[in-house]
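The structure appears right after this line, and notes come after that.
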Amino acid sequence: MNSLTWILAVLFVTPAASYFIHVDANEEQCFFDRLTSGTKMGLMFEVAEGGFLDIDVKITGPDNKEIYKGERESSGKFTFAAHMDGVYTYCFGNKMSTMTPKAVMFTVEITEPHQQAPGAAANQDAADNAKLEEMVRELSSALMSVKHEQEYMEVRERVHRNINENTNSRVVMWAAFEAFVLVGMTVGQIFYLKRFFEVRTMV
């Protein structure tokens, strides 16, 4: 029973955090997480708005060794296992842009290395529990991915709705301006023609 409780608890204890940041033009924002050797860390990101929806991404380890580097990416997902204890850094850079800020939504998921479930007496039971726990972890990761994708879709839907509303308002304003100009030109032509014929009559 203790083993079952331990395994089911894995589904709810996987640390994960979601963030929404704004990276100004020619700026780089970095974040840090302290990991132990063997810990898995997953980074999923998407550029919600700004320019061509691209951002530079970089992940470095405690030894300043580059683990991942991507340039001008609009979205992505990368998972790695910590090769040593220490602070791992992941940065989002917008240095390629001189004017446009970028809005980035990203999620960090940290999975601790496998530990034997308490109360596992025999090796076979321990192996079965480890396999079941790994399956639960994979299910948990899949559910988290679905949740994050839904969050990304909500953000993108909101951004596109704002763009559409802004575009519609501009179209309405431009149509009103064109109508005003058309009415003005029509009235001007009427007065011009009226004056022209009045002059012809006097002659």
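Quick reminder: no glycine exception, Cβ is built from N, Cα and C everywhere.
Annotated in Swiss-Prot:
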DOMAIN    28-110  domain 'GOLD'
SIGNAL    1-18  signal peptide
TOPO_DOM  19-170  topological domain 'Lumenal'
TOPO_DOM  192-203  topological domain 'Cytoplasmic'
TRANSMEM  171-191  transmembrane segment
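The DSSP breakdown of the domain 'GOLD' (28-110), given as helix, strand and coil counts, is 0 helix, 56 strand, 27 coil.
On the 0 to 100 pLDDT scale, the model's mean across the domain 'GOLD' (28-110) is 92.
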